[in-house]
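Taken from Swiss-Prot, the feature region 'Interaction with MAGEE1' covers 1-288, and the record attributes it to experimental evidence. Per Swiss-Prot, Zn(2+) 1 binding site is recorded for Cys243, Cys246, Cys267, Cys270. Annotation comment: Swiss-Prot describes Cys258, Cys261, His280, His284 as Zn(2+) 2 binding site. Residues or ranges marked as region 'Syntrophin-binding region' in Swiss-Prot: 397-447. The coiled coil annotation in Swiss-Prot covers 458-557, and the record cites sequence analysis as its basis. If you look up Swiss-Prot, you'll see 555-577, 646-667, 684-721 marked as region 'Disordered'. Summarising the annotation, Swiss-Prot assigns compositional bias 'Low complexity' to 563-576. Residues or ranges marked as phosphoserine by Swiss-Prot: Ser666.
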Amino acid sequence: MIEDSGKRGNTMAERRQLFAEMRAQDLDRIRLSTYRTACKLRFVQKKCNLHLVDIWNVIEALRENALNNLDPNIELNVARLEAVLSTIFYQLNKRMPTTHQIHVEQSISLLLNFLLAAFDPEGHGKISVFAVKMALATLCGGKIMDKLRYIFSMISDSSGVMVYGRYDQFLREVLKLPTAVFEGPSFGYTEQSARSCFSQQKKVTLNGFLDTLMSDPPPQCLVWLPLLHRLANVENVFHPVECSYCHSESMMGFRYRCQQCHNYQLCQDCFWRGHAGGSHSNQHQMKEYTSWKSPAKKLTNALSKSLSCASSREPLHPMFPDQPEKPLNLAHIVPPRPVTSMNDTLFSHSVPSSGSPFITRSSPPKDSEVEQNKMLARAAPAFLKGRGIQYSLNVADRLADEHVLIGLYVNMLRNDPPCMLESSNRLDEEHRLIARYAARLAAESSSSQPTQQRSAPDISFTIDANKQQRQLIAELENKNREILQEIQRLRVEHEQASQPTPEKAQQNPTLLAELRLLRQRKDELEQRMSALQESRRELMVQLEGLMKLLKEEELKQGTQGASSPRSSPSHTISRPIPMPIRSASACPTPTHTPQDSLTGVGGDVQEAFAQSSRRNLRSDLLVAADSITNTMSSLVKELNSEVASETESTVDSEFSRPQFEDLAPSPTSEKAFLAQIHSRKPGYIHGGAASTTHGDMVPEDGDPYTQPEDGNYENESVRQLENELQLEEYLKQKLQDEAYQVSLQG
């Protein structure tokens, strides 16, 4: 009891959910009951996904659940009804593409609750088979003509004439649908509903039934049924016209044009809800349009009508024979399939139980007939192979093709004769049936021979086309498979290339060791280079200091020569000292030291080394030493040349050589060198007698000369020059030693 109450509560909640969503659409504001009812049923149809199912899918589901063999007045319980709905929606999902799959369980639940609310308001849990068929046929999608043909097959007799009692039952059941969406006062069932549609004194055939229900206007109680289908057909129709009330630039669905107001057009929402503006009134007559025609098309139609060359209007439906073809009684050969058979679906497509797709009346099956039914079902695929599923659906399912039955039976006889010839009576019946078919075909051969001659090539062409299509599909599938494999291979290669493998992570340890050693060696070389650059910068600073001293000495000598009474302008050392130049033998070599490494060094040294930023350290040191040596040598040569032009004594030729070894006296001959310089001064030659004689001094060349006694003559300039010469010699030796050590370390 608790479970039943819980299920009942869930059912009521789902019903309320569907109706609450319908009320949220604000459909009750539509002022016309016909449009209001059609819109509500259209909402239920789309919410339950029944607009994706046509009448043929419904018939197939009913046959799979054996409802075609049941009496229409038998009632189904909820479980059986749910099984029918499950068959419909699961088969629908198989036909739909994967991107448009529906929610099967939700659709089943919504439709089941709506049917229970419409046809079982008391909650008994049972619905008649006839009500289920009428509801599904009305709410499903597809053409209205096919649906009405199926409905007529359910309410007509074997002679093809409508039974008024069944039509009244049809109205009673189908009008429960508007009542379920709260439109019972407008379209509820009354006893006069059936009489208002057809006159009971007249026989109603299929053509009359279709003419009445598809006419314009249809019967008042069913006026919403054609509108429901027209609403579905124009749902996506576009009208490039502006609405005169809401001023929307385009319209979708129906379009309404006022017959009194000039160029006054309304969209379906404004017309349904009674919106009006300006001089327009809701009482004006409106014309409904389901499509858009350009002005040129309208002009063409008007000219065609005026010239009476317009084509006659096509009928609403094709004309069907008044007397339906009587189906053959094949109960003893092809009985109705049992419910428990596993081949029911295939057999229902290939061998129908009657000549009409809608009338399925037959006798209960027997055991022997059930076995024979299974054999026919197994033989059907072999016979219908290559003809396609459309052939089996359209021909076998709807028209009960006699040729298909004969072919199936002959195929069974050829494959398994003992099983089919169990009794002589059955054999006689089979021969009589075949003879009957042969006589009928012979009688129709004269009239149908051209058609058969044309149909044979058509069938062969269809078979060839199907074969080509299958081959093309197979080729495309193979190509698709190859493309997928290639994509997978490329993806694997990309992943392998992007992600390091364990082999790459664990390389050769020898290579790793060598790599570490190279990095250490690189660090050591960088440190040594930094040390060498620092040493070079210090040497350049020292060199700059020496050059400053030389310039200061030059200035001092020039000042003293101008102020001294014993000095003449020709004897003063006023010539500028030449700047250091690069040795021609020094070749530039690459170096990693930038020009900024001489930071703190004066401009003279930077100028001397500005062009040799890529020279190695050894060459730079040697060039610097050579430049200083050349400068001092030039100074000494100038001094010697000036003194030699004015002296009266003979000077040894070797003393005046420009070699550096003569210009740099040793410590033992320093006094002789200074005395010789003093003796060449003008003051020494023309001066008075010497007060003190130190004695003769022998220079390195062996020529004696006398040291002047005037000790004051050794002025500050001579002493400074002597000190500079000694310092220059010492610096040169030091630079050469450091360069040699650097070359040994490199």
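Here the Cβ of each residue, glycine as well, is placed from N, Cα and C on the backbone.
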Measuring CA to CA, name the entry from the binding-site residues Cys258, His280, His284 that ends up nearest Cys267 (Zn(2+) 1 binding site).
Cys258
At the Cα level, what's the spacing in Å between His280 (Zn(2+) 2 binding site) and Cys243 (Zn(2+) 1 binding site), rounded?
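Distance (Cα to Cα, whole Å): 13 Å.
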Looking at Cβ-Cβ distances, which residues of the chain lie under 8 angstroms from Cys246 (Zn(2+) 1 binding site) while being 6 or more apart from it?
Cys267, Asp269, Cys270, His275
Out of Cys243, Cys261, Cys267, which of the binding-site residues is least crowded by other Cβ atoms within 10 Å?
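Output over binding-site residues Cys243, Cys261, Cys267: least Cβ neighbours within 10 Å is Cys261.
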For a quick check of understanding: among the binding-site residues His280, His284, which residue's Cβ has the most other Cβ atoms within 10 Å?
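Per the Cβ count within 10 Å, the most buried is His280.
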Among all the protein chains here, how many other CB atoms are within 10 A of the CB of Cys270 (Zn(2+) 1 binding site)?
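For Cys270 (Zn(2+) 1 binding site), the count of other Cβ atoms within 10 Å is 19.
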In sequence order, which residues at least six apart in the same chain have a CB under 8 Å from the CB of Cys258 (Zn(2+) 2 binding site)?
Tyr264, Gln265, Leu266, His280, His284, Gln285, Met286
Please work out the mean pLDDT for the residues of the region 'Interaction with MAGEE1' (1-288).
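Mean pLDDT across the region 'Interaction with MAGEE1' (1-288) comes out at 90.
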May I have the list of same-chain residues other than Cys258, Cys261, His280, His284 whose Cβ is within 8 Å of the Cβ centroid of the recorded Zn(2+) 2 site, in sequence order?
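Surrounding the site, in chain order, are Gln259, Gln260, Tyr264, Ala276, Ser279, Ser281, Met286.
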